[in-house]
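Student: If you scroll down you'll find the structure; I have some questions about it.
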Amino acid sequence: MAAQSAPKVVLKSTTKMSLNERFTNMLKNKQPTPVNIRASMQQQQQLASARNRRLAQQMENRPSVQAALKLKQSLKQRLGKSNIQARLGRPIGALARGAIGGRGLPIIQRGLPRGGLRGGRATRTLLRGGMSLRGQNLLRGGRAVAPRMGLRRGGVRGRGGPGRGGLGRGAMGRGGIGGRGRGMIGRGRGGFGGRGRGRGRGRGALARPVLTKEQLDNQLDAYMSKTKGHLDAELDAYMAQTDPETND
């Protein structure tokens, strides 16, 4: 039954040429010579360059383009001042002695009330939270006020304070956060004054050597590289050392 169900297939249009011969003949007929390829590419480039030249000529003849070419200025004339400091203003890491907050001027930063710190005779430097002067207490988040201190128009009134020159973001001055009368303000954590450096009215007002801008910047970088826990530990140690009565 299998032999009966498989009829014989007869192909009428057959050829004795092999596939290799057939494709070889097709390749010979279609392949152009390299000389023809180079000639065609040069012809296309010449046509494109002619079009570009015509387009450039048309653009030059336009009145708007001619007016723009007449007003052509040099790069310095168009840019104006090339001094970066003149355009950006005072650099952030400026020397702080009178640079950001002068003698007796408050610094207001990061959402502090407009009243700032009023009262007292020394420069008040305040960052996000507040400070008590003469190293008595730290107002964390503005929720606590040091004892023996009165409020005056939304600020703190103290007996001493940090020394000359306020501290802003990236600047240093004489009397900020730190140990015994020198240091910096870091990362908006609040600050306190150096011990007795309020214009020579406190305890132990000492003469300090004047530091250069590079030394102040190096101290600031070293301070800002410390972690929050390290700063809190230093602050607690300083508070316990300067005014042990607040721990009672």
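The chain as shown is numbered from 1 upward.
Glycine is treated like the rest: Cβ placed from N, Cα and C.
In case it helps, Swiss-Prot gives these features for our protein:
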MOD_RES   Ala2  N-acetylalanine
MOD_RES   Ser40  phosphoserine
MOD_RES   Ser49  phosphoserine
MOD_RES   Ser64  phosphoserine
CROSSLNK  Lys70  SUMO2 cross-link
REGION    151-204  region 'Disordered'
REGION    153-206  region 'Interaction with PRMT1'
COMPBIAS  157-195  compositional bias 'Gly residues'
MOTIF     194-203  motif 'GAR motif'
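Tell me what's around each of these sites.
Tutor: Cβ-based neighbour count (10 Å, all protein chains) for Ser40 (phosphoserine) stands at 11.
Same-chain residues at least 6 positions away in sequence with a Cβ under 8 Å from that of Ser49 (phosphoserine) are not found in this chain.
Sequence-distant neighbours of Ser64 (phosphoserine) (same chain, 6+ residues apart, CB-CB distance under 8 A): none.
Lys70 (SUMO2 cross-link) has a Cβ environment of 7 other Cβ atoms inside 10 Å.
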Student: What does the structure give for the C-alpha distance between Ser40 (phosphoserine) and Lys70 (SUMO2 cross-link)? Integer Å is fine.
Tutor: 41
Student: On the 0 to 100 scale, where does the mean pLDDT of the region 'Interaction with PRMT1' (153-206) fall?
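Tutor: Result for the region 'Interaction with PRMT1' (153-206): average pLDDT 43.
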